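For 7-14, 20-21, Arg59, 86-89, Lys97, 113-114, 182-183, the entry in Swiss-Prot reads substrate binding site. Residues or ranges marked as active site, tele-phosphohistidine intermediate in Swiss-Prot (evidence: sequence analysis): His8. Summarising the annotation, Swiss-Prot assigns active site, proton donor/acceptor to Glu86. Look at Swiss-Prot and you will find His181 tagged as site 'Transition state stabilizer', backed by sequence analysis.
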Amino acid sequence: MELVFIRHGFSEWNAKNLFTGWRDVNLTERGVEEAKAAGKKLLDKGYEFDIAFTSVLTRAIKTCNIVLEESHQLWIPQVKNWRLNERHYGALQGLDKKATAEQYGDEQVHIWRRSYDISPPDLDPQDPNSAHNDRRYANIPFDVVPNAENLKLTLERALPFWEDQIAPAMLSGKRVLVVAHGNSLRALAKHIIGISDAEIMDFEIPTGQPLVLKLDDKLNYVEHYYL
């Protein structure tokens, strides 16, 4: 069986080189075109889906909608869940990546961005931009909503959704599309493929490119490739 991952199209803050994380930003025109191209590619390759999973962030939701529309499948059920959100970049969210490197040093910023288990500084829960002040997370316990994450914590947060929603859907015979974010998809790919803590640092997923994970009937990894 096949599982298709798509990272959202190029966003406004990708274009501005800002740390985004859980901040809710829109797609650029380039991002819209990437999503359209992904949908057309899926249509041309004959990919059909029974259900789509995405995050609760606009850039992923819009990408999912565009992909499904272009592949003539906008009617299928979509499940939106915060566990597929991008990695939370803590107090770095909204900061310019280059300016942050100049302030803290390239090495420190590289550690925050690429270390598997070291998180950036926490975002104050009282900050106006904190997820604690966003009603889309109102039903999540206060101590469960992150203030900063590394990739390890992102995987720990995303894994229950894989186990409770995505994997059961696939095992029941449903054809699944997941449209999410660079780090939430990398985290899930790490689990599915069996990528080591060291190797995952160099495993990248480009925006708007369908990644196909081929699995056996017990969801054991076989191979992966881009369309």
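The backbone N, Cα and C atoms fix where each Cβ goes, and this holds for glycine too.
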In angstrom units, rounded to an integer, how far apart are the Cα atoms of Glu86 (active site, proton donor/acceptor) and His181 (site 'Transition state stabilizer')?
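So the Cα of His181 (site 'Transition state stabilizer') lies 5 Å away from that of Glu86 (active site, proton donor/acceptor).
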Arg7, Gly21, Gly182: which of these binding-site residues has the highest Cβ count within 10 Å of its own Cβ?
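Output for this query is Arg7.
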Within 10 Å of each Cβ, count the other Cβ atoms, then let me know which of the recorded positions His8, Arg87 comes out lowest.
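Output over recorded positions His8, Arg87: least Cβ neighbours within 10 Å is Arg87.
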List the same-chain residues at least 6 positions away in sequence whose Cβ sits under 8 Å from the Cβ of Lys97 (substrate binding site), in sequence order, or say none.
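Counting only residues 6 or more apart in sequence, the Cβ neighbours of Lys97 (substrate binding site) under 8 Å are Asn17, Leu18, Phe19, Val109.
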So, three-state DSSP: helix, strand or coil for Lys97 (substrate binding site)?
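Going by the DSSP assignment, Lys97 (substrate binding site) falls within a helical segment, counted as helix.
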Taking the Cβ of His181 (site 'Transition state stabilizer') as centre, how many other Cβ atoms lie within 10 Å?
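His181 (site 'Transition state stabilizer') is surrounded by 28 other Cβ atoms within 10 Å.
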Can you give me the Cα-Cα distance between Gly21 (substrate binding site) and His8 (active site, tele-phosphohistidine intermediate) in Å, rounded to a whole number?
13
Looking at the recorded positions Arg87, His181, Gly182, which ones sit with their CA no more than 10 Å from the CA of His8 (active site, tele-phosphohistidine intermediate)?
His181, Gly182
